[in-house]
Amino acid sequence: MLDMIKNVFVDNGLVTAFLVVGLTMWIAYFISGKLTKGRIHGSAIAIVLGLVLAYIGGVVTEGTKGISDISFMAGMGFLGGSMLRDFAIVATSFGANFDEIKKAGFRGVISLFLGVVLSFAIGAIFAFMFGYRNSVDIATIGAGTATYIVGPVTGAALGASSEVIAISIAAGLVKSVLVMVGTPFIAKYIGLNNPMTAMVYGGLMGTTSGVAGGLAATDAKLVPYGAVTATFYTGLGCLLAPTVLFLVTDLIF
Amino acid sequence: MIYGVAILAGCFLVGTVVGELIGAVMGVDSNVGGVGVAMLLLIIVVDKLVKSGKIAKASLDGLSFWNQMYIPVVIAMAASQNVLGALTGGPLAIIAGIAVVVISWACVPLLSGKQKEKESSYSNAAIRGEADA
C-alpha cells in the first residue's frame, strides 16, 4: 500500500511538486499572518522553508540537488529547474514598465561590470588571506564569489584543482542563499523599493536565483527589474573571469 | 489563454537562441543574457499587441498565470539548492560568500543614487492579480 502511494508520487513528480509547494506556501503564509502579524512576508518565509527542505534533502541523500534528490520529490527539481525558472522569470516582465528599464539601463550596465569585478576582487582577497598564493586558485575562488556557475567555468578553463573548484561553488552558493534570505531585511536600508534600484541590485548581486528569490520576498513588482540585469551577470562573469580578470590576478600574484 | 502562453514561449525561445548566439560570439559555452533578451522582447510584443487591440483578455490571462506561478517556482528552486554544500563548504567559502554580499549591499545606494519610491509610475502596471501572489 505504502509502496503504491509512493509510486504514484514518483510517477507524477511535477503534480506532486505542485502539491508540496502549495502546502509550503500555505504554511508560510499562516506563519506570516499568525506569528509575525504580516511583518515578515509570506513568500520570504516560504523561501526559507524551501531552503530548509533543501537542507533536509541534502542530509538524507547526500546529493547536491536538495529535496529533489529524494525520489518522490524529484518533481521539485523540475518545477524549480532552469527551464521553468527562466520561463517564469520571463513571465514576470509582463506588466513591467519599459520606460523604467530604459531609464535605468545605463546604471544597470555599469552595475553589472562593477558587480562582477567587485565580487571577483573580494573573493580573490579572501582566497589570499586564507593562504592561497597560486593565481589560478585565487582567480577560481574569486570567480566563485561572482556566482556558483562562474566559479567552476573559470576553474575548468584555468585547470584548477577540484578542491578549489568545490570551494568556489560553495562560496557562490553561500552568496545565493544569503541574497535570497537577506534581501527582504536589508531592502529598506539600501532604498530597494523602486525599479532603478532593483536593476542596480540585480547587476551588483548577479546571482539570478538569489536576486529573483530575494526580490520576490521583498516586493514581487520589483522582480522583473532585478532579473533583467541579473540574467546577464553569469554570462559576463564567464567571459571576464577566465580572461581579463585572471590576467590581472596573474600580474598581481 | 494558450495564445498568451504561446507568446511567452515564443519570446523565451527566441531569447534563449539569441543568448546562445551571444555566448558563442563571446566564446563562452553558456547562455549569455538570453532571459534578459526574452524579457525585453515580451515587454515590447505585449505592449504593441495591447496598444493595437489585437490581444484578447483570455490571452493576457495566460501570461498572468505564469506571472503568478513565479513565486511557487522560486520556492521549488530554493528547495532544490545545494544548501548542504553551502553550509559545509568550509570557512573560506562561507566568509567570502558573506563578505561579498554585505559589501555589495553597501554599494547599492552608491550606484542607484537617491531614488524616491514612485508608486504611480510602475506599481499599477506591474504584476497583475493579488498583490502578494
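Even glycines carry a Cβ here, placed using N, Cα and C.
A quick note: this is a predicted structure, and the numbers were derived from the prediction, not measured.
Per TrEMBL, the features are as follows:
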- A:6-253: domain 'Malonate/sodium symporter MadM subunit N-terminal' (DOMAIN)
- A:12-31: transmembrane segment (TRANSMEM)
- A:43-60: transmembrane segment (TRANSMEM)
- A:72-96: transmembrane segment (TRANSMEM)
- A:108-132: transmembrane segment (TRANSMEM)
- A:138-158: transmembrane segment (TRANSMEM)
- A:165-186: transmembrane segment (TRANSMEM)
- A:198-218: transmembrane segment (TRANSMEM)
- A:225-248: transmembrane segment (TRANSMEM)
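Touching of the transmembrane segment (A:108-132) and the transmembrane segment (A:72-96) is ruled out by the presence of fewer than three CB pairs under 8 A, sequence neighbours closer than 6 excluded. Only residues 6 or more beyond the boundaries of the transmembrane segment (A:165-186), in the same chain, are considered here, and those with a CB under 8 A from a CB of the stretch are 40-41, 44, 47-48, 51, 119, 123, 140-141, 143-152, 154-156, 192, 201, 205, 207, 209-211, 213-215, 217-218.
Of the candidate ranges A:43-60, A:72-96, A:198-218, A:225-248, A:225-248 contributes the most Cβ pairs within a distance under 8 Å of the transmembrane segment (A:138-158). Cβ atoms under 8 Å from those of the transmembrane segment (A:198-218) belong to residues 41, 43-44, 46-47, 85, 89, 101, 104-105, 107-112, 114-116, 118-119, 146-148, 172, 175-184, 187, 190, 192, 225-234, 237 of the same chain, restricted to positions at least 6 beyond its ends.
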